[in-house]
């Protein structure tokens, strides 16, 4: 069992902050919509009075709704059950507001059938719903987050190899659990950040700016080196080969209909490039948007590093102050070193059928 410092128990930034800064995830979701439409055609032929759809890793729900609508439009069933799940630390208040407002708007208008909504505070690396109870499951922009950071081995095995092994175990665990939950003939749709076959580093500008800002804070004595050493975002970007190796273990359980890689650009870059010669104000606005996007994911891990690296030596107010310093300096480094640079990311997309 991993100790608490290695467990991935940090939620996305709460109080609507993550949902307000998830534009790249939205772009990635749009590329997955054809997979949902294909899965919906299969579900439409299911002879059942109740159809159950489960999302694994809903966060605040803002990128859950268009996939749900793509499915609901094609399902002529008597009742629909939508289940939104995430880790217990997730901001379920924001998720509830997002989903409820959306459901209230479509029931009786676009949707005539009863709609039943549930939220489940449970990691998708555990069983989330009863066996053979779901007709379609999906997870978007979440599965690159690992269950935990693997601890160093006595033989000094390379960290990247340990992360790759953990990512293999985690994806296999996820697929095994979902195979128990999804009925035969049901579908599973996945998208997650991947290692680009083209060789570029995902969102390299923001990542480097974050790193340099933290190094400067250490050099200036703002934070001790132990905090920087404790900072970890427990993710691994799988290659297509990594994914295929896992899928080879499930040939008797899952049929692969789609498996491909695609590039996703942060939409703020397109808005910036509409201007032939962006103003300094536009460049600063772009930096604000892309760094706030990254911080919506990473800020909680910085706060955790402050707690672990200082052994609880900071007050809540001091943690918030240091976080703000890090965010501000990251934006300054991005403007200095990566002004107007594209923010691009590779995603892997998968559509599976339960055999």
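Cβ from N, Cα, C; glycine included.
Swiss-Prot lists 18, 63, 86, 123, 124 with the feature S-adenosyl-L-homocysteine binding site. For residue 124 (S-adenosyl-L-homocysteine binding site), the Cβ neighbour count at a 10 Å cut-off comes to 26, with all displayed protein chains included. Residue 124 (S-adenosyl-L-homocysteine binding site) carries neither a helix nor a strand DSSP state and counts as coil.
Long-range C-beta contacts of residue 231 (Mg(2+) binding site), restricted to its own chain and to partners at least six residues apart, with a cutoff below 8 Å, comprise 214, 301, 302, 305, 309. Taken from Swiss-Prot, the feature Mg(2+) binding site applies to 231.
In the three-state DSSP reading, residue 231 (Mg(2+) binding site) counts as coil. Taking the binding-site residues 63, 123 in turn and counting surrounding C-beta atoms within 10 angstroms, the largest count is reached at 63.
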